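Noted in TrEMBL for the protein shown:
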- A:ASP42, A:ASP110: Mg(2+) binding site (BINDING)
- A:TYR80: site 'Interaction with target DNA' (SITE)
Amino acid sequence: MLITHEKWPRTASEAEAEQERLSALVDVSTPLAPHRYIAGLDVAYAIGSSRVAGAVVVLDADTLAVEDMATAVMDVEFPYVPGLLAFRELPALIAALAELTVEPDVLVCDGYGIAHPRRFGLACHLGVLAGKPTLGVAKTAFVGRFAEPGEQRGEAAELVHDGAVVGAALRTQYATKPVFVSPGHLITVEDATRLALQLAPKYRLPETTRLADQLSRRALGAAA
DNA sequence: GCGACAG
DNA sequence: ATCTTGTCGC
């Protein structure tokens, strides 16, 4: 899948302005459309250099079997700034997506969707650029308040930010810390939460992110 | 002003 | 994010 992005911001203020502009295009009220291929994306970083590896793995929505995968190694341009993660990771992820043979229907990101200071996290950004459904699944909290969800697998609590429900703290496995799910684009909080749980039948994190994480690290090491 | 702060 | 194997516990 090809994604083109011009005039990539170089400063924090430019990046924030870009988020303000693109955030108007986000749609989190449309239910998730029928889907067959789910993609998981992640980025691995090298220690003493600016080298990074973006990875994407495509799974069958029903069996979670791996149908395709791709990687892209490059140097990072943008520094890590909370709230501007997309500008640091998207280039490598977009490059990896361009190498896919199987066209994914939904993109699962490592990070947040609308649960973001300006309602425009990495998942929203990728969703708008790709014009496809996206959601974010993060391991730790970023913005918003939430009540501790029940201890059973599948129990969830609303993630509230600025008086709005922007996601959910979801318990994917019994007695494990919850993961934070938020819609990115063309999906609702409910559908994103349901899909995240479906993708995590055995471990705390969705298979999509687990596999993408492993793939990105392997790609980084192989590029050494 | 201070602390927090996705990866 | 990254440094990192085995090991303690359910």
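Indices start at 1 and increase along the chain as displayed.
Cβ atoms here come from the backbone N, Cα and C positions, even for glycine.
Heads up, TrEMBL stuff is auto-annotated, nobody curated it.
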Assigned conformation of A:ASP42 (Mg(2+) binding site) - DSSP reduced to three states: strand
Local Cβ density at A:ASP110 (Mg(2+) binding site) - other Cβ atoms counted within 10 Å: 24
DSSP state at A:ASP110 (Mg(2+) binding site), helix/strand/coil: strand
